[in-house]
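Step one of this worksheet: look at the structure below.
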Amino acid sequence: MAAAGATGSPPGDGAPYAVELRGITKRFPGVVANRDIELRVRRGEVHAIVGENGAGKSTLMKTLYGMHRPDEGTILLDGRETQLRSPSDAIAAGIGMVHQHFMLADNFTVLENIVLGSEPTRGGRLDRAEAGRRIRELSDRYALNLEPDVLVEDLGVGDRQRVEIAKVLYRGATTLILDEPTAVLVPQEVDELFGNLGELKREGLTVIFISHKLDEVRKVADSITVIRRGTTVGTADPRTTTARQLAELMVGSELPSPETRSSTVREKPVLQLTGLTVPSLVGRPAVDDVALTVREGEVVGIAGVEGNGQAELVEAVMGLRSLASGTVSFAGQDITRWSTRARREAGLGFIPEDRHRQGMLLDAPLWENRILGHQTRPPAVKGWFIDRRSARADTERIMREYDVRAPGPDTPAGALSGGNQQKLIIGREMSAAPKLLIAAHPTRGVDVGAQASIWELLKDARAEGMGILLISADLDELIGLSDTLHVMLRGRLVASLDPSSLTPEELGGHMTGAHDGSVGAA
Amino acid sequence: MSALRRIGASLFAPALAVVVAIVLTAVVILLIGQDPAVALRVLFDFGDTPAQQTQSIVVILNRAVPLFLSGLAVAVAFRMGLFNIGVEGQYRMATVIAAGAGAAVVLPAPLHVLLIIVVAMAVGAVWAGIVAVLKVTRGVSEVISSIMLNFIALGTASFLLTGPLRGSEEGAAIITTTDIPESGRFPAINGVFDLLGLEQPRGQLFGFLLVAVVVGVVVSVLIKRTRFGFDLRATGLSPSAATASGIDARAMVIKTMLISGAIAGLIGLPDLLGDTHHFGTEFTAGLGFLGIAVALLGRNSPVGIAFAALLFAFLDRAAVPLQFADIPASVVTIIQGTIVLSVVVANEVAKQLTRRRAGRASGQGDSGTADGGTSAGPGGPVGTRITDDRQEAGA
């Protein structure tokens, strides 16, 4: 493993690492979430773990916090091999976790929230005086600025986060894991948080900081470990590494697969979006005034750090999400008000981002999954009835042609590996010969072999005149497959790039907004 | 997996549950100082003469018919992930209004019966439809609204019985609606006993049994073979995947609740058309709740529900004879309760087992690729390593 060679040197002062992970591998049915993770965190440093969403950061942190046990590898805390069977083991070992989504009871006071679960008691009753004293002490020592008797519902987001941190410190944590702590904060609060982290560091505590915001990571971290596709790909020194170099490490800059650049783009547009705006629950729209055209035989890629409106854009095109304004036109017809089923029948194929949530019925056999989304079309139906025989036969054909490895069409979909599930979905969508295919992260979580064959399938479909809207976090995939590439940032399309003369580094820069001079985007 | 093994696997859970329930009940009977063996003997003692024995069978079948319909009504909704607790209220409303309608008109026999059935189904569907509309338009949980509607149905049915539909005389001990005339009654099918060469029982076997069988077949085909049934099951398995596949979740809620309610409307009819011919204060309540247990035991499949309904009816038959043997009739309720509890647990265990087995079976096929992991890019593992080294040198 490349990472091992780069990070193998022991710390200069000879002291053991506060946290050391060796060869951690964690599998879930069908996917390898973490593979050969190597992580070394020195005592008293802020160590950032960066990686795209879905790279395996959360799985790794859950391993470290004892929420599940790794299949392989060892965890060393202060140089001693440790088994973490549950979060309480982790807490006992001095590891505390500050979750991205706060876990606080609104109608309790700060004090009550902090002591909840490890209350100091006197004569069987909560010893408020003792708890208050200890909380003030913590607050002063780490400059957390907490008022023990205020109700949590009256606090702002930054304050709540400090309550979470105090909760962890109160339990005697010496290593704190912060999961995307800045995701919910405004810039001033981020600065305050970084001040707090400085205090923690000064007191000799260790902080593991998970993020994908590169500029913040470079500001606060003492060292950085990069995770990509489930494994650690290297470490970096924030002082000598640029945001772009980090982005490159994070998304991978392997050369795209040999791509025949002969354009198959035809004149006729299949999908046209104009002024598409999708509201979000709070604040600015999730998708903001997007205009986009996909022509026959064209692959239009949407690049962007996740959470910038790509998912909402896809759902809006599929008719799963209502629009604030704008129109969707498909093959010359205005389909803005059409139902999802009508859109599918008209020739819209869909490879969803989360295949378990939107693409499959895990408890149903493969042949029923073949029908899903195609309930109204042959070969699976005859009038009002399901044609089981031809559904099974067609499932067998898909399994053969798309190399889906499974015992048979009656196998439950949940028993297949992620790659095989994905190939079944792609085979299913292709079988209906759609005019436009929406492919959201088509190769996420699939193994190398499946990935290559999925790319081939998409290329073939494009050559046959299918339009493809490709959303991906894999920059090579985007550059390699796309004919036109748009960058999405905060719900807007901020740049249109020519993939034939684009490097992943440049693209990464556009995605984080670095190219527009607006650092701190995403 | 062979068909035999599949059937074996699906029978495993309910069979285990029944055994566990019998053991637990035996313990309870021991605790109250009686002999479990006596209770077991009473359970299987159908009588001494052939006529008594066929009579026991009639009692069981007549009880099983409404239980089966009730289980079906619950299961249809449950297949889509809807918990229709309101079956109780739906069949009460359906029965009282159908009784009133049946008594109010005079029609040729088959039409008269058909009218009563249609009225009952329509009323049940409307009552369940209220739940669906509330859920779709206002987001009210169907559990809450259907429980509430049960109470409203109770009150409304009492009002209808004592007010507009009252048929019995002032001051009568038992208040009933007017009797449905002869043309609106469903003939018994005691002929089957002659056909099978068995002794004629004392009582009458409900002809509605045939209707129940037809309904069971129709529901079975609807759920397993039709597009609608596919949409219904898909929504139950994964609402998000169903929506993404183009199923209109709101329309499905309405349609499913209407079907569930229409079936629920039939529950009171075997009694109404075959025995009492009126709705009254001695109306059999509680079938809607028992239906939930029956559906659970039958794992929401029509065949399973039929067996579950027969089992429950078989147990219910013993309620009276048990008291003759000095054992409280509530033993039956205890068995039924423990069966339901153990079937929930056993279902979960069986599900875990099958999933693990399926996982192992297909895991062998591609364990190599699974271990291959998700790391390398288009350039393959070697290329990845080279480029990574270059990056780290740069960093």
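Note: Cβ is positioned from N, Cα and C throughout, glycine not excepted.
What TrEMBL records for this protein:
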- B:370-382: compositional bias 'Gly residues' (COMPBIAS)
- B:386-395: compositional bias 'Basic and acidic residues' (COMPBIAS)
- B:356-395: region 'Disordered' (REGION)
- B:12-34: transmembrane segment (TRANSMEM)
- B:54-78: transmembrane segment (TRANSMEM)
- B:90-107: transmembrane segment (TRANSMEM)
- B:113-136: transmembrane segment (TRANSMEM)
- B:143-161: transmembrane segment (TRANSMEM)
- B:205-223: transmembrane segment (TRANSMEM)
- B:252-273: transmembrane segment (TRANSMEM)
- B:279-298: transmembrane segment (TRANSMEM)
- B:305-325: transmembrane segment (TRANSMEM)
- B:331-350: transmembrane segment (TRANSMEM)
Segment proximity, the transmembrane segment (B:252-273) to the transmembrane segment (B:305-325), 3 or more C-beta pairs under 8 Å: no
Same-chain residue ranges lying at least 6 outside the transmembrane segment (B:252-273) that approach it to Cβ under 8 Å: 62, 65-66, 69-70, 72-74, 76-77, 80, 82, 84, 86-87, 90-92, 94-95, 98-99, 102, 113, 116-117, 120-129, 131-133, 135-136, 142, 180, 184-186, 206-209, 211-212, 215, 219, 222, 228, 231-232, 235, 242, 279, 283-284, 287-288, 291
Surrounding residues of the transmembrane segment (B:54-78) on its own chain - C-beta under 8 Å, 6+ positions past either end: 46-47, 84, 87, 90-91, 124, 142, 193, 198-206, 208-209, 212, 215-216, 219, 223, 232, 236, 256-257, 259-261, 263-264, 266-268, 270-271, 274-275, 284, 287-288, 290-292, 294-295, 298, 300-302, 305-306, 308-310, 312-314, 316-317
The transmembrane segment (B:143-161) and the transmembrane segment (B:331-350) contact flag, 3+ Cβ pairs under 8 angstroms: no
Among the ranges B:90-107, B:113-136, B:205-223, B:331-350, the one whose Cβ pairs under 8 Å to the transmembrane segment (B:12-34) are most numerous: B:331-350
